[in-house]
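Taken from TrEMBL, the feature domain 'MI' applies to 136-257, 300-421, 435-556, 598-712.
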């Protein structure tokens, strides 16, 4: 049998000989063996050396020196027996021929050489910048914030942020928005707070809001280097966020535990809690700290219009007046310019030619549209009766102005003075309806002055037109929206009282439908009509005037493509928000009128005190002190429910005393019994014999004349 050497070439034999010699050398070197291993080298170690020095794959997979654990340089033995350490790349040392293909001159690649291979070309690694998504996001939000500070357009800012995507980076938006506002004026600080409230939940989720504010607290020390009063400003931002319900009050103690006590962020939290959130009436103080609303209110626009018209009458510069009108940037509110200009022409007879000239030139150049001009004349026509109190000749002057305007071409010839309100086209022959509208305007104005709900209810009952209740609701809210927050709050309070006393839920639904159908016309008079209508709807739900399902009913009654549908959607979003009840109850400042929940709590407490052994006369006095005779049906309802629960008919004695004194009227008593009757099914779940007890109470009430004959 042939030996295994017969299969080796001469080159392979030489390679094996060199490997054997190297193995002998390495075994004698201290680096080649482990301190713990004194035995002969294993075949794998020998293979490793072979693979390392001759680039031949070893049987064990060809591990590299780094992986194999032995780092030695190639060593060879000369013929003289001396060990020669080979240079890197095998170039050899003194007395050697050098490495393969070494030449004295510099080598270069000849692209014209027939053996040229492009793969041998030296190449350079060209570095490319890898974009960081977070850096891109930060750059983009800066431009969004800058644009928002310039325009004040919340909707555009929200839309841009949505289009930007990368919602996981929204905490950085919160941080950037607040930090940029901190270094600017109060206007921008207020705008930043307004934008955060608008983005809350819809665009930026609550967790991201908290994360953003915590990042601000962590960087408070750095911010303080550039902004001297960082602690106070950031504390106010956090207090405002708590007041606006976009940060929970628990955020402060939780964040405090995660910050060093020596940090500025810790100081910010202490300032927010002690200086702002612990003060009496802190919500109102915090909301007004930076000047309140960032947008022009109706009153401010009207004031600017009045000023520019007065200046025009004094200097007669029509081009300057038109420039001022254009600069207002409220083309949808130009009807107010028309109305006030006409009133001024009536007040100052010498100003009439100037006013006609201004309106004609504004109409000719398209500054005031035809529809706005007609709207201005219409609004003036509707208020002529009130205007005649100050300007006796108002009606005569108006009748003169209309044909002049038509003949001069700045009022449409088809103009006809309507008798109805915004969006209404009543039959002119229906004198009863026309008279009703005139009367209720007077009643509403008196209510805004006196805040006397019982008197208003009596006035409505005297009018004796329950079929027109939706029209009253529409007129009430329309008048309130054009006034201050006090009147808006009073209107909401009145709706609660009317629903309890004389208005049905159907009246409320139909009234809101009428309002929403004419929302576009209402917006001509009131800049923020859509949002205010949404708050009225949401407030009606919170006050139990409407049920949440009624909003869907209202939306279903609106015509297709009606802008009022969007208002209903906004109202539903307001109601669905966290802490919606508190926010909506104080949307117009609160505290100026009667709150349903407070009244219910007081009634519950006085009945509990009476049931536990109180005196009838004292309970009657407490009911009288409530000062809400239109809400006494709630006393009847709660008293009957308590009598059922306690199995104690003592409450009937209280009702008898209240009825005998005239404290609770027969209407209120009947209303209370009706409310129990409507809720009997629910009561029966807690009180199994509720139906039997109620039947007993009804018979008891009829015997004593508490109920109207129509009951039952």
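Positions of Cβ are set from backbone N, Cα and C atoms, glycine also.
Taking DSSP states H, G and I as helix and E and B as strand, the domain 'MI' (136-257) has 98 helix, 2 strand, 22 coil. Counting residue by residue with DSSP, the domain 'MI' (598-712) contains 89 helix, 0 strand, 26 coil. Confidence over the domain 'MI' (598-712), given as mean pLDDT on the 0 to 100 scale, stands at 85.
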